[in-house]
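Undergrad: Here's a structure for you.
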């Protein structure tokens, strides 16, 4: 273990070229990374070659574990295990178990520039900390850029004033224990909640695990079927899955879920890449091997006992901890989440449930309960209930076939988590006091969160993003087409403005060259297009194009990182990406294109969440005002399984929070918004702007 004081040197004398971009220390490129560990590391986690905590641990057939780099270098010269000298070859060795890798990732380390930075973190969080938050590392990088490209650096410096600190950008949490310390700027730790009785934190932590998912495209241009948000050029920092598209490759595979953080693709790290570069990597043909970090929920300790449980979509703890059971069944609009346990007399006994899928909504639904069957006798499940999970398996984007397999493989206990719409509750009446509460909830007036509306919250876009208006005046033959195709409209799912999907080479706009694919239409001949539906916009464009003179106003969104992106993504890669997506009917802008749109063109909606006093809302955020970085919007970064935000289903990663209970978040910092959210004991109204993620 290295001594912290000896290694935490100042930036003086450091060479940026020799500084490792992963661990922050100076070492040769083929040498192992160096870390400064806070505590003594168990001998079982130490490599017997380098005598340091394991990095990318590999298990030998004879049962010993070494760093991958140490073992591969050793076996270049020798053909035996360093400990027992049994003959081995590298291809016989396998990566260590997930448990070992998680334990290593959670080792506490200090920043190599601790004297100035004063930050401590888990080992897996050091690299994003260095690239996004550490002032010494950032200063070294900026000095190197200034020497290399002084003119470009002036632009980069202006962008840097609006960047978020690093820990606010990436929190790959394997098991993060809450403390009394101030939360990291820009990040709500959803595992930290204060109890009302003694004002002490609940002993809980957020449980996540890294998994590998392989997806195969039959055709090179076939969509994998999920949308992503984030990237190092955005406040989110890392790449996050926003949505799984129904009936897609990813949906049929069933292992990916919204909120998963993509760490690697075919051994290419996505930890510090721009959004556009991540898209290019994910659009590689054929086989993709994704390493993803998946949230599993909260691990808590009941203060009345030593029993531990995971608060995820399961009711394994409902009988041993009634208070947590009531938390999970709190009423959430547009329905109520219920947990139901069915006990079979023997494993082969059928439940008597018919499951279906719907054409207009993803997931699994109960069509009918067979008369005399186990579920019908129990009486708690009902027709049209949406099945969120069975025995802890997330089925929000599942199929009836996968649900049936889970039920058939279960023992005598089958745990259901279902969402029941308020209409179903009203029809069922209130045969008990608990059902009576549901009935009262169902009879409430329709709340405004069902409707999107034009946003009145004025704010600046995230740092590094902006927009500019362009006006084109054309004199043309009345019958000559403009040569553009459009999409969007305020009647589409995300209430997008009308945007251009292609500029045809035969039209007059192509010859002018000002209008580009992705530009948003503002007006034509003075007729406003920003609030129209798709069909209304088509009608207006056809009518105005028939005139001999056309004045077209559009808005183009810009990114200050365009130069940096062009250096990271080659022109060939960008051309390939456009060629693969050159379907004018299905082309959609990347998520980052929407971030620079001025706020008067945003549409927002209210999402009302309900919870009990001791629950977390179940989401983390990045953003807010900081003196050294300026104002950044607040974005949803993580949604935790088994929480009100997760069960409600409308809040998405990448959503921008513009108001809380009607109060604007503009000008707020983290220390203002976090207490405001925690003070809302049972209900909170979040006003959000949601843009569709980039389709992969």
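The chain as shown is numbered from 1 upward.
Glycine too: its Cβ is placed from the backbone N, Cα and C atoms.
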Undergrad: May I ask you to indicate which of 96-147, 148-199, 200-251 is given in TrEMBL as region 'Disordered'?
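TA: When 96-147, 148-199, 200-251 are checked in TrEMBL, region 'Disordered' belongs to 148-199.
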Undergrad: From 425-445, 446-466, 467-487, which range did TrEMBL mark with region 'Disordered'?
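TA: Going through 425-445, 446-466, 467-487 one by one, TrEMBL gives region 'Disordered' for 425-445.
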Undergrad: When you get a sec, could you say which of 273-293, 294-314, 315-335, 336-356 is annotated region 'Disordered' by TrEMBL?
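TA: Result: 315-335 is the stretch TrEMBL calls region 'Disordered'.
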Undergrad: Among 47-85, 212-284, 606-692, which stretch has the highest count of C-beta pairs below 8 Å with the domain 'PDZ' (471-556)?
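TA: Comparing 47-85, 212-284, 606-692: 606-692 has the most Cβ pairs near the domain 'PDZ' (471-556).
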Undergrad: When each of 47-85, 212-284, 606-692 is checked against the domain 'PDZ' (339-422) for Cβ pairs under 8 Å, which one has the most?
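TA: Stretch with the highest Cβ contact count: 212-284.
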Undergrad: So if I exclude everything within five residues of the ends of the domain 'RING-type' (47-85), which remaining residues of that chain have a CB under 8 angstroms from its CBs? That is, six or more out.
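TA: Apart from its flanks, the domain 'RING-type' (47-85) reaches 1, 30, 32-35, 37, 41, 92-97, 100-101, 104, 107.
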Undergrad: How many helix, strand and coil residues does the domain 'RING-type' (47-85) contain under DSSP?
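TA: Its residues fall into 10 helix, 8 strand, 21 coil.
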